Amino acid sequence: MNDQGIKESIETLKEQIRKYDYHYYVLDEPLVPDAEYDRCFKALQQYEEQYPQFLSPDSPTQRVSGTPSDAFMPVAHKQPMLSLSNVFTTDELKAFIKRAIEKLDEPNQQLVFACEPKLDGLAVNMTYEGGILTHAATRGDGAVGENITANIKTIASVPLRLRVSNPPKLIEVRGEVYIPKADFEAYNARARELGEKTFANPRNAAAGSLRQLNPEISASRPLAIYCYGIGACEDYKLPNSHLEQLNLLKEFGFRVSPETRRAVGVEGCLDYYQYMLAKRNQLPFEIDGVVYKIDSISLQQQLGYVSRAPRFACAHKFPATEEMTRLIAVDFQVGRTGAVTPVARLEPVSVGGVTVSNATLHNFDEITRKDIRIGDTVIIRRAGDVIPEVVSVILEKRPANARMIELPKNCPVCGSEVVREADEAIARCVGGLYCKAQLKRMMWHFASRKAMYIEGLGSVLIDQLVDEGIVHHLADLYELDLQTLANLPRMGEKSAKNLLSALEKSKKTTFNRFLYALGIREIGEAGARVLAEHYCDVESLKAATIEELMTLNDIGPVAASHIVHFFAQAHNLEVIDRLLELGIHWPKPEKIQVNQQNPFFGKTVVLTGTLSTMGREEAKAKLLALGAKVSGSVSSKTDYVVAGSEAGSKLIKATELGVAIIEEDEFLKWVNS
């Protein structure tokens, strides 16, 4: 590969990693498993080591991952919070320790390490002055983090005052905030019942819970913390041992991992690694590896730091959470819109600390593409806490009696015909609300927080109401009475009254929420908002044609067809009429006149990078108010790309396609003119 090719490869990796960092640390929405991120990062490091002429100051390898959010006040750390370098193999660990020994003044000594589990949470820095907690911050970019003082105080195990009579004048205590596995599962289960957002994994749950503008939300989440080190410390003599410093933190009142161990040399570290790897599934918290730190503080100081990490410590990462097992059967689940989803039933296997016996097969196109058959030995992956999926088949282990997976002709719940359109990957039950599975999912959607928000109407209660024939349609919910509800198992009069109150409260809504609650195929929150802004009431929407609907932002031919089909069904209109008769109502929105002469009217606009004057959602709202269509990707149909700082691949693609680029200053002039 020539220099130009190498440079392009490096730039591609840098752009990928920046994107991954932004989604992981800022949005708390990881795009790829940790193993894939680590591979990209390591590939970039290797390129830069081999071709140092292409190493640039803006490379992700030259900084600590993470960016302080605009939503929180910045806090500077007195001593930087650097990331750790990663090792993945025994040879890499040996090389790391060898480099450390060679840099020390007495290279022949046997190194002693403090070994700790690497918790998969959010790193924080807590500052105590005169023994009192004065402020707390996230790691951020290593030098400056986000002020989360009010939120960290909601964690009961964080001492507000150090439990010693002679505290340091100032001390920074570093720790990892996490959510225990059991609490995470319980939180997500309840969120699903209430129709609220669930978290992909405990790390995201901890980060999302701690980075809340409202501390009451943080207080409602099951956050915990283990402390792992000390940053700056003034007017206090600290022990010359990391392990002794951890004991000191315990005396101060902090929680320290009980799995911390002392190890000598490479063999001691590897023994600890194997010990924690074997124990990983039994731990009450998620870990993705172990951390080794040279125990002597004076040796740590001799070794110092490289640009983004200490030379005296590293993280030894565990393998990605994939396992082999046998696929023994396939069942089919029916969703709200009739989608029939194949689910693999597996011989139970432990993956990432959870026993997995089911995994999604997504759809029949995926089954065909991966050539998955009943009886196959398959690799399943559980990345974070997303639904486990079948990744691939071990073909050499395929038995002679492996069977093809066939699409059922009839719905496994109601017996109605299952059809699959030629251009769709998804097969559907045509039973509609006659199908109990669809009715249950429809009611769950109708009652969810972003729809009618009927608090207390969760999946367990919905199952009871449908299975016992108490409700047959959405409108039946608003005709429930106290006696019927109170007589249900585990309900009682108080719970029944609360549900009736929630039903009454939900009657006052908005037109866009009501439309979203109806569950029209292809119509999400954004589409419902567009329809509500344009039509204002059911009668005018019922009369809309496909051609007319397609002129609206975010409404394409498929969505338009589903809308017209929905309002052409007599039973849908009957349910809507009943809902309105039973008191569902909304204020009539004021018609906003859009100046059609503004440069954004009718244009497709893409936002990329970071705007210094407003957040992404605010910019999007301004564009929508001006009649623009805001898209998430650049194509030949894009009219403008609004580029903030650190704009990446979208800006590159826009330049390649010749799309007009608008800088922030120009954008502000246009939206404010």
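Don't overthink the numbers, they just go from 1 along the chain as shown.
Just so it is clear, glycine is given a Cβ too, placed from its N, Cα and C backbone atoms.
Annotated features, as they stand in Swiss-Prot:
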{"type": "ACT_SITE", "residues": "LYS118", "note": "active site, N6-AMP-lysine intermediate"}
{"type": "BINDING", "residues": "ASP34, ALA35, GLU36, TYR37, ASP38, SER83, LEU84, GLU116, ARG139, GLU176, LYS293, LYS317", "note": "NAD(+) binding site"}
{"type": "BINDING", "residues": "CYS411, CYS414, CYS429, CYS435", "note": "Zn(2+) binding site"}
{"type": "DOMAIN", "residues": "595-673", "note": "domain 'BRCT'"}
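Projection of Swiss-Prot feature records onto the structure.
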residue : record                                  : Cβ neighbours (10 Å)
GLU36   : NAD(+) binding site                     : 15
ASP38   : NAD(+) binding site                     : 17
LEU84   : NAD(+) binding site                     : 18
LYS118  : active site, N6-AMP-lysine intermediate : 21
ARG139  : NAD(+) binding site                     : 24
LYS293  : NAD(+) binding site                     : 20
CYS411  : Zn(2+) binding site                     : 24
CYS414  : Zn(2+) binding site                     : 19
CYS429  : Zn(2+) binding site                     : 27
CYS435  : Zn(2+) binding site                     : 21
- Message: Can you give me the residues near the recorded Zn(2+) site, meaning same chain, not CYS411, CYS414, CYS429, CYS435 themselves, Cβ no more than 8 Å from the center of the site's Cβ atoms?
- Response: VAL334, GLY338, ASN410, PRO412, VAL413, GLY415, SER416, VAL418, VAL430, GLY431, TYR434, LYS436, ALA437, GLN438
- If H, G and I count as helix, E and B as strand, and all else as coil, what does DSSP give for LYS293 (NAD(+) binding site)? strand
- Note on the structure: According to DSSP, LEU84 (NAD(+) binding site) sits in coil
- For the domain 'BRCT' (595-673), provide the mean pLDDT of the predicted model. 81
- CYS435 (Zn(2+) binding site) versus binding-site residues GLU36, LEU84, LYS293 - nearest by Cα: GLU36
- Message: Whole-number answer please: how many Å between the C-alpha atoms of ARG139 (NAD(+) binding site) and CYS414 (Zn(2+) binding site)?
- Response: 53
- DSSP helix, strand and coil counts for the domain 'BRCT' (595-673)? 28 helix, 18 strand, 33 coil
- Item | Secondary structure of CYS429 (Zn(2+) binding site) (DSSP, helix/strand/coil) | strand
- Task: Out of GLU36, ASP38, LEU84, LYS118, LYS293, point to the one nearest CYS414 (Zn(2+) binding site) in space (Cα versus Cα); all of them are recorded positions in the record.
- Result: GLU36
- Message: Tell me the Cα distance separating GLU36 (NAD(+) binding site) from CYS411 (Zn(2+) binding site), rounded to the nearest angstrom.
- Response: 38
- If you measure ASP38 (NAD(+) binding site) to LYS118 (active site, N6-AMP-lysine intermediate) at Cα, how many Å is it? 15
- Note on the structure: Three-class DSSP assignment, GLU36 (NAD(+) binding site), comes back as helix
